[in-house]
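Peer 1: Let me give you the structure first, and then I'll get to my questions.
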Amino acid sequence: MQTVSTEFDTIAAISTPPGEGGISIIRISGVDALKTASQIYRGKDLNKVNSHTINYGHIIDPENGNEVDEVMVSVMRAPHTYTKEDIVEINCHGGIVATNRILQIILGLDARLAKPGEFTERAFLNGRIDLSQAEAVMDLIRAKTDQSMKVALDQLDGNLSHLITNLRQNILDVLAQVEVNIDYPEYDDVETMTARLLKEKAIEVKAKIQQLLSTAKQGKVLRDGLATAIIGHPNVGKSSILNHLLHEDKAIVTDVAGTTRDVIEEYVNVQGVPLKLVDTAGIHETEDKVEKIGVDRSRKALSQADLVILVLDSSVPLRDEDRELLRETNHMQRIVVLNKSDLEVKINLNELQEYVDDKEIIKSSAVSPLGTKDLEDRIAAMFFAGSIENTSNNIMVTNARHIGLLKQADTALDAVLEGIETGMPVDLVQIDMTRTWDLLGEITGDSYQDELLDQLFSQFCLGK
C-alpha cells in the first residue's frame, strides 16, 4: 500500500442523498479545496481557521455577490482527513435547488465533479486505507443488520488487513531465508533443511487461510443477505407469510388464486440474519401466458435460493404439485410452513412425513401472526442463531473477491506442499510460495490493476 500522498486535482460532489432534507453536504477535496471554498464563503477567513472546526457563514455567488444560502462550513487540513488532502464540507439547507446551486458555483471555479467513489479511491491511493478497508466502506453503507455493520466496521478498522499483512510478512521472511540458504549454503543438507522450512511455513499459512475461508458462507449471508424463496401452489398464503415476516403489508393478499404474478423482493432482518425475501408466483401448470412467465421466474428464484420456505395449505389434501415441490427441495435448506392452521386440517400428516422431518415444519395462519415467531426462530437457528460464529479471532471474510483470492492462495500452497513431497527443487517450489504472497497482496491492494480500481470504486455513490 502506498504511504506517500499523491497530488491530485480538486474534486467536489454532494455527499448526501438527493431530495428534501434537513441539510445537504457538499464535499470538496484537493490541493485547492480551501482556495475554492474561500472564494464563495462569507464569514471567517477559512485559510486562517483551525483545522477540524466548523464555521458559520453564507455562500455567495462570486459573479454577482448575491447570497445563496446560510451554511456551516467544516475545514479539515491534510493529512488528517478522509482523503489525506485538504477537505472542506459545506453544510447547507437540504433540498435540490440550493444544494445544486452551490455545487455548480464550486464547479465553475477550481474544482471538477468527483467520480463515484473518488474520495475513497484517494484515501486508498494516498495510503490512509488499504483496498480491503476501502471495500469495507461500501459494505458499511449497504449493511442491513447490526451484525453485518459490525463485520464491516471490523474490516474498516483493519482487522483483516493486519492478518493478511502478517501472513505476507511470514511468507516473505521464509522466502528470504530460502534465498540465503540457496545462495550461501553452509551445510551439505541445505536442500532438505530449506524444503522443511518451506513446508512448515506453508502448513502454518494454509491453516490460517482455511480458518478465514471457513467463515465465507456466513460472511456472504451477512454481506449480501440470505436469498430466501417463498414458494408453493397458488393461494396457499405465500404473500401472507411475506407480510408477517416484514411486519407490514407489502404483497397483495386475496382469496383469488394467482394474485401474485411476478416476483416480489424485500429485505428483512430476522434476529440478525439479513433475508432477501422473494415472494414468488404460485408454481403450477398453467396455459395463461402472463401467469406462465411468473411461474418461470419463480422456478428461477427457487434455483438461486439459499433458503426455501415451502408453503403448504393444511386445509386441503396434498396436491401433485406439492409433492413435486417437496421432492425438488429435499436437498435444499428448507422450512415447510403449514399455512391456514386456523382451519380444519385436511392434509395427510403421515404422508407429509414421508417427505419432510417434523423439525422442518412450522404451523401458521394467514389471518394472524400465528407461527411467525417460530418461523423466525427456525431461520435464526439454521443460520448461526443470530450471532456471528467466528473461528478466526473475530475476523470474517464477506467479500467474494477476497474469498476467490484466498482460495487461489490455498491452491498455491497445495502446490508448494506437493512439490516438496515429490522432491521438486526448492527454487521451483519457491515460485508457488511467491505466488501465495502475491495473491494475498491483491486483497489489501499491495498489488493491483487500474481496471480493478475502476471496477470497485464505480460501485460507490457520488460524494463517497
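Glycine residues also receive a Cβ, built from the backbone N, Cα and C atoms like all the rest.
It should be emphasised that the depicted structure is a prediction, and the values quoted were computed from it without experimental measurement.
Swiss-Prot lists ARG27, GLU89, ARG128, LYS464 with the feature (6S)-5-formyl-5,6,7,8-tetrahydrofolate binding site. Summarising the annotation, Swiss-Prot assigns K(+) binding site to ASN235, THR254, VAL256, THR259 and lists sequence analysis as the type of evidence. As annotated by Swiss-Prot, GTP binding site applies to 235-240, 254-260, 279-282. The annotation Mg(2+) binding site is assigned in Swiss-Prot to SER239, THR260 on the grounds of sequence analysis. Annotation source Swiss-Prot lists domain 'TrmE-type G' at 225-384.
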Peer 1: How many Å lie between the Cα of ASN235 (K(+) binding site) and the Cα of LYS464 ((6S)-5-formyl-5,6,7,8-tetrahydrofolate binding site)?
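Peer 2: Cα-Cα distance, ASN235 (K(+) binding site) to LYS464 ((6S)-5-formyl-5,6,7,8-tetrahydrofolate binding site): 45 Å.
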Peer 1: If you average per-residue pLDDT over the domain 'TrmE-type G' (225-384), what number do you get?
Peer 2: 77
Peer 1: Using DSSP reduced to three states, classify ASN235 (K(+) binding site) as helix, strand or coil.
Peer 2: coil
Peer 1: Most Cβ neighbours within 10 Å: which of the binding-site residues ARG27, ARG128, LYS238, LYS464 is it?
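Peer 2: Top count of Cβ atoms within 10 Å goes to LYS238.
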Peer 1: Look at each of the binding-site residues, ASN235, SER239, and point out the one with the fewest other Cβ atoms around it within 10 Å.
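Peer 2: ASN235, out of the binding-site residues ASN235, SER239, has the fewest neighbouring Cβ atoms within 10 Å.
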Peer 1: Can you give me the Cα-Cα distance between ARG128 ((6S)-5-formyl-5,6,7,8-tetrahydrofolate binding site) and SER239 (Mg(2+) binding site) in Å, rounded to a whole number?
Peer 2: 47
Peer 1: Roughly how many Å separate the Cα of GLU89 ((6S)-5-formyl-5,6,7,8-tetrahydrofolate binding site) from that of SER239 (Mg(2+) binding site), to the nearest whole number?
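Peer 2: On Cα coordinates alone, these residues lie 45 Å apart.
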Peer 1: Over all pairs in ARG27, GLU89, ARG128, LYS464, the listed (6S)-5-formyl-5,6,7,8-tetrahydrofolate binding residues, work out the largest Cα-Cα distance in Å.
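Peer 2: Value for the max Cα separation, rounded to a whole number: 19 Å.
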Peer 1: I'm trying to understand the geometry here, so how far is the Cα atom of SER239 (Mg(2+) binding site) from the Cα atom of LYS464 ((6S)-5-formyl-5,6,7,8-tetrahydrofolate binding site), in Å to the nearest whole number?
Peer 2: 37
Peer 1: Using C-alpha atoms only, work out the spacing between LYS238 (GTP binding site) and LYS464 ((6S)-5-formyl-5,6,7,8-tetrahydrofolate binding site) and round it to an integer in Å.
Peer 2: 39
Peer 1: Count the Cβ atoms, other than its own, that fall within 10 Å of the Cβ of GLU89 ((6S)-5-formyl-5,6,7,8-tetrahydrofolate binding site), considering every protein chain shown.
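Peer 2: Neighbour count, Cβ to Cβ under the 10 Å cut-off: 20.
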